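Chemist: Reproduced below are the annotations present in TrEMBL:
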- 12-234: domain 'Sugar phosphate transporter' (DOMAIN)
- 12-29: transmembrane segment (TRANSMEM)
- 35-62: transmembrane segment (TRANSMEM)
- 69-86: transmembrane segment (TRANSMEM)
- 92-116: transmembrane segment (TRANSMEM)
- 128-147: transmembrane segment (TRANSMEM)
- 159-182: transmembrane segment (TRANSMEM)
- 189-211: transmembrane segment (TRANSMEM)
- 217-234: transmembrane segment (TRANSMEM)
Amino acid sequence: MKVEEGMTIEIYTTSVIPIGAMFAMTLWLGNTAYLYISVAFAQMLKAIMPVAVFILGVAAGLEVMSCRMLLIMSVISFGVLVASYGEINISWIGVVYQMGGVVGEALRLIFMEILVKRKGLKLNPISMMYYVSPCSALCLFIPWIFLEKSKMEAHGKWNFQPVVLILNSLCTFALNLSVFLVISRTSALTIRVAGVVKDWVVVLVSALLFADTKLTVINLFGYGIAIAGVAAYNNHKLKKEATRNISDDSQDAQAIPMAASSNPNR
């Protein structure tokens, strides 16, 4: 792939490195949370993601607070609280880790939006991985040396499973590639609807596969409320994007005759 022109040391330092660091933070804290809470409950807590992204977006000047958005954020938050209340074996340490991972992912998305909107550098998922992945690997490697390497050595022989790691890495790469292909062939609406379906599949399948997952009626009711809020958020964002695109098209249409009339050769 052609590497985008315009990537400078200044942009890499101020934009790409923070994105890589936040991605590493998301991976570290999010994976650690699975040691304390079930996969299904972790997925329920991830429903709070739009709230974190919106709040940080307002702080960064990328989003505008409105009554409609405040209502949607309240519905999502209430749904997650109800789902947490219905959790039988809740571990607050796991919840803190998962929330830390959510904040890291929200910051990563905010930094990516700043990179695209304010730095003017457009990256697709493949080229984004090209720049961000090495930085994320380094951000994970440094704390691993100081915090985890000694613990692994204390246990003696490392229980390293290369096949599982390789399959995991291939799934991650395939996920990023498939998101890019789906958006390029269909629309952002498709990937967002598929994301909601994926969330429910993760919750239900994990309840069938893992013994530590015990879903309750309150669990599912609260998660249903949160997902309804997420769907309303996606619908609001897509309508906003459609309105912006129509406005841009009308401005371009008005600019063409003005440019033609100002051309002295016509």
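Here the Cβ of each residue, glycine as well, is placed from N, Cα and C on the backbone.
For each listed feature, how buried is it and what is near it?
Modeler: For the transmembrane segment (12-29), same-chain residues at least 6 beyond its ends with a Cβ under 8 Å from one of its own Cβ atoms are 97-98, 100-101, 104-105, 107-108, 111-112, 114-115, 119, 121, 131-140, 143.
Nonlocal intrachain contacts for the transmembrane segment (69-86), taken as residues 6+ away from its ends with a CB within less than 8 angstroms of a stretch CB, comprise 41, 44-45, 47-48, 50-51, 54-55, 63, 95, 216-230, 232-233, 236.
With a cut-off of 8 Å between Cβ atoms, the residues of this chain six or more beyond the transmembrane segment (92-116) that come close are 11, 15-16, 18-19, 22-23, 25-30, 32-37, 41-42, 45-46, 48-49, 52-53, 56-57, 60, 62, 84, 122-123, 128.
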Chemist: Taking the domain 'Sugar phosphate transporter' (12-234) alone, what is its mean pLDDT?
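Modeler: Its mean pLDDT is 84.
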Chemist: Excluding the flanking five residues on each side, which residues at least 6 beyond the ends of the transmembrane segment (35-62) place their CB within less than 8 Å of a CB in that stretch?
Modeler: 69, 72-73, 76-77, 79-80, 83-84, 87, 89-91, 93-95, 97-99, 102-103, 105-107, 109-110, 113-114, 117, 199, 202-204, 206-207, 210, 212-215, 219, 222-223, 226-227, 229-230, 233
